[in-house]
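Participant: Below you'll find the structure I mean.
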Amino acid sequence: MEPSKLFTISDNATFAPGPVNNAADKKTFRTCFRILVLSVQAVTLILVIVTLGELVRMINDQGLSNQLSSITDKIRESATMIASAVGVMNQVIHGVTVSLPLQIEGNQNQLLSTLATICTSKKQISNCSTNIPLVNDLRFINGINKFIIEDYANHDFSIGHPLNMPSFIPTATSPNGCTRIPSFSLGKTHWCYTHNVINANCKDHTSSNQYVSMGILVQTASGYPMFKTLKIQYLSDGLNRKSCSIATVPDGCAMYCYVSTQLETDDYAGSSPPTQKLTLLFYNDTVTERTISPSGLEGNWATLVPGVGSGIYFENKLIFPAYGGVLPNSTLGVKLAREFFRPVNPYNPCSGPQQDLDQRALRSYFPSYLSNRRVQSAFLVCAWNQILVTNCELVVPSNNQTLMGAEGRVLLINNRLLYYQRSTSWWPYELLYEISFTFTNSGQSSVNMSWIPIYSFTRPGSGKCSGENVCPIACVSGVYLDPWPLTPYSHQSGINRNFYFTGALLNSSTTRVNPTLYVSALNNLKVLAPYGTQGLSASYTTTTCFQDTGDASVYCVYIMELASNIVGEFQILPVLTRLTIT
């Protein structure tokens with residue numbers, strides 16, 4: 001290798017051009033300097049980055065703060081507007097649900113009061129079409145068809161002694177006469193009543209007439225009410241009207257009957273339903289009667305029977321209870337084929353395989369006594385504004401919600417609809433439902449039924465369907481004993497036990513004897529007040545309660561069919577009592 005031109009090598013190991021220590025020191029210094037410069041630059045860069053980041057953050061925070069401030073302001077504005085709107089809505093809701101109804105009711109009462117004042121008859125001048133207006137005493141108007149108890153608290157009851165008043169129900173006048181099947185409806189302005197007057201003992205398939213009356217509630221000098229009869233119609237035209245239901249309507253009464261001169265069993269055995277009659281009786285003595293053919297009747301029903309219990313005037317419609325025999329192979333019969341309702345008393349259940357009990361419950365709708373027809377409940381619904389020109393419709397509830405069809409009553413209390421169904425089949429307890437209708441201008445209307453579980457007492461029944469039986473079986477038994485609810489029923493858990501109702505029961509499990517006034521809760525009787533002597537025979541009972549808003553007294557009229565040893569088999573008696581609630 002060629003020697004370096006920069007160095008002179010000798011044995012003394014010396015270098016040219018200068019000393020080795022100076023060069024090394026300079027190199028070390030340069031390295032340190034460079035490291036220092038790079039470090040300073042790095043630190044500076046980091047500081048710049050941090051500073052820029054902080055500036056960006058501050059800028060962003062300021063913008064976000066401004067945005068949040070703007071949003072907060074808008075939320076506050078919206079909250080103010082919502083609060084204002086809610087305040088207005090609360091005023092509207094209170095006005096519509098509380099103030100307006102009270103004002104309307106007050107105006108109505110004022111109008112009725114004015115009518116009662118100006119509608120008088122003097123010796124020379126009469127300013128009315130009739131001497132007495134068809135308007136109840138103002139003390140009672142506001143206490144009719146209202147729940148007597150609005151809370152769900154525990155209460156005690158006392159049924160007073162029967163009050164002495166003139167009976168508004170005439171009796172038979174011969175030993176072989178018979179008055180039966182009372183139907184009573186109390187409206188805000190007046191009441192309507194009807195019963196059947198049978199010419200040959202109590203065989204209603206032969207020949208009978210129909211007694212109809214209307215009147216008002218007035219206060220007697222004794223302080224308690226009296227049912228003052230203002231109009232009477234006695235329908236004696238050769239038609240054998242049966243099982244009539246009555247309803248109060250504007251200025252009069254509406255009555256739904258069917259006409260038949262054969263046995264009930266023969267009606268069910270046939271295939272063509274008997275004549276259906278709708279009769280309108282007004283305070284001006286006008287009587288209009290129509291033969292109706294409700295939609296869904298022909299081809300589906302072997303027979304259709306009014307429910308006996310009263311109907312209602314509701315939302316410009318006339319609604320009556322009905323029941324009858326559905327032809328199994330008809331359109332309606334096929335639709336209902338597999339439907340059944342089997343209530344259970346948890347305190348006294350029926351034992352056995354569930355599937356077997358369900359099958360027996362289904363078969364109970366087809367009693368052989370009534371030619372194996374499906375015995376079905378229904379409602380006759382008629383549009384009031386076209387009552388003279390259009391037919392009515394039959395609205396049929398699902399049998400998944402109701403027991404076998406039977407006599408019944410439709411109640412309207414505090415604008416809530418309830419339906420009593422006679423316990424004609426195997427179930428021995430009172431049957432009461434809350435109901436709601438869905439009406440349509442075209443097509444089929446519908447009804448929903450919600451059973452109210454009552455287990456406090458049973459009706460008398462015969463054979464295997466006595467009051468002690470709680471298991472499904474096909475039978476036709478029982479008796480009509482409608483209740484009057486004193487409180488609204490609530491589905492809220494824990495308060496249902498304080499649902500109270502009153503009526504007249506027959507205190508026997510097998511025989512129609514021992515009429516007894518009662519007040520009951522769902523599961524137990526609160527008060528029992530026997531009427532008459534032990535063993536007294538009785539039959540149908542219907543009950544209506546109302547309040548004297550002048551002194552807050554509560555009255556109930558229990559209309560009962562009682563045995564008579566003097567005139568006829570039964571005498572229909574209205575028993576008026578004061579009900580004390582504490």
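The backbone N, Cα and C atoms fix where each Cβ goes, and this holds for glycine too.
According to Swiss-Prot, the protein carries these features:
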{"type": "TOPO_DOM", "residues": "1-34", "note": "topological domain 'Intravirion'"}
{"type": "TOPO_DOM", "residues": "56-582", "note": "topological domain 'Virion surface'"}
{"type": "CARBOHYD", "residues": "Asn127", "note": "N-linked glycosylation site"}
{"type": "DISULFID", "residues": "Cys178-Cys202", "note": "disulfide bond"}
{"type": "DISULFID", "residues": "Cys192-Cys253", "note": "disulfide bond"}
{"type": "REGION", "residues": "240-245", "note": "region 'Involved in neuraminidase activity'"}
{"type": "DISULFID", "residues": "Cys244-Cys257", "note": "disulfide bond"}
{"type": "CARBOHYD", "residues": "Asn284", "note": "N-linked glycosylation site"}
{"type": "CARBOHYD", "residues": "Asn329", "note": "N-linked glycosylation site"}
{"type": "DISULFID", "residues": "Cys350-Cys471", "note": "disulfide bond"}
{"type": "DISULFID", "residues": "Cys382-Cys392", "note": "disulfide bond"}
{"type": "CARBOHYD", "residues": "Asn400", "note": "N-linked glycosylation site"}
{"type": "CARBOHYD", "residues": "Asn448", "note": "N-linked glycosylation site"}
{"type": "DISULFID", "residues": "Cys465-Cys475", "note": "disulfide bond"}
{"type": "CARBOHYD", "residues": "Asn507", "note": "N-linked glycosylation site"}
{"type": "SITE", "residues": "Arg512", "note": "site 'Binding to the host receptor'"}
{"type": "DISULFID", "residues": "Cys545-Cys556", "note": "disulfide bond"}
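Could you tell me the structural context for the features on the list?
Facilitator: Computed over the topological domain 'Virion surface' (56-582), the whole-number mean pLDDT of the model equals 90.
In the structure as shown, the Cβ atom of Cys202 (disulfide bond) sits within 10 Å of 20 other Cβ atoms.
If you draw a 10 Å sphere around the CB of Cys253 (disulfide bond), it holds 25 other CB atoms from the protein chains shown.
Following the DSSP three-state reduction, the secondary structure of Cys244 (disulfide bond) is strand.
All protein chains considered, the CB of Asn329 (N-linked glycosylation site) has 8 other CB atoms within 10 Å.
According to its DSSP assignment, Cys471 (disulfide bond) is coil.
Secondary structure at Cys392 (disulfide bond), as computed by DSSP, is coil. The C-beta environment of Cys392 (disulfide bond), restricted to residues of the same chain at least 6 apart in sequence and closer than 8 Å, consists of Leu278, Ile292, Pro294, Ser295, Leu318, Leu380, Val381, Cys382, Ala383.
The Cβ of Asn400 (N-linked glycosylation site) lies under 8 Å from the Cβ of Glu339, Phe340, Phe341, each on the same chain and at least six residues away in sequence. In the three-state DSSP assignment, the secondary structure recorded for Asn400 (N-linked glycosylation site) is coil.
Asn448 (N-linked glycosylation site) falls within a strand when secondary structure is assigned with DSSP.
All chains included, 21 other C-beta atoms sit within 10 angstroms of the C-beta of Cys475 (disulfide bond).
Around the Cβ of Asn507 (N-linked glycosylation site), 17 further Cβ atoms fall within 10 Å across all displayed protein chains. According to DSSP, Asn507 (N-linked glycosylation site) sits in a coil region rather than a helix or strand.
Its own atom aside, the Cβ of Arg512 (site 'Binding to the host receptor') has 20 Cβ atoms within 10 angstroms in the protein chains shown.
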Participant: A 10 Å Cβ contact count, applied to the glycosylation sites Asn284, Asn448: which residue has the minimum?
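Facilitator: Counting other Cβ atoms within 10 Å of each of the glycosylation sites Asn284, Asn448, the minimum falls on Asn284.
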Participant: Tell me, how many other CB atoms lie within 10 A of the CB of Cys465 (disulfide bond), whichever protein chain they belong to?
Facilitator: 25
Participant: Have a look at the recorded positions Cys253, Asn284, Cys545 and say which one has the shortest Cα distance to Cys178 (disulfide bond).
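Facilitator: Of the recorded positions Cys253, Asn284, Cys545, Cys253 has its Cα closest to that of Cys178 (disulfide bond).
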Participant: When you scan the chain for residues with a C-beta under 8 Å from the region 'Involved in neuraminidase activity' (240-245), skipping those not six or more beyond its ends, what do you find?
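Facilitator: Here the qualifying positions are 181, 183, 194, 196, 204-208, 210, 255-261, 277, 305-311, 320-321, 407.
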Participant: Could you state the CA-to-CA distance between Cys244 (disulfide bond) and Cys253 (disulfide bond) to the nearest Å?
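Facilitator: About 12 Å separate the Cα atoms of these two residues.
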Participant: Give the sequence-ordered list of residues that share a chain with Cys192 (disulfide bond), lie 6 or more positions from it, and have CB atoms under 8 Å from its CB.
Facilitator: Phe184, Ser185, Val212, Ser213, Met214, Ile246, Ala247, Thr248, Gly252, Cys253, Met255, Ser310
Participant: At the Cα level, what's the spacing in Å between Cys465 (disulfide bond) and Cys471 (disulfide bond), rounded?
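Facilitator: The Cα atom of Cys465 (disulfide bond) is 9 Å away from the Cα atom of Cys471 (disulfide bond).
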Participant: Please work out the number of neighbouring Cβ atoms within 10 Å of the Cβ of Cys178 (disulfide bond), leaving out its own Cβ.
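Facilitator: Total other Cβ atoms inside 10 Å, all chains included: 23.
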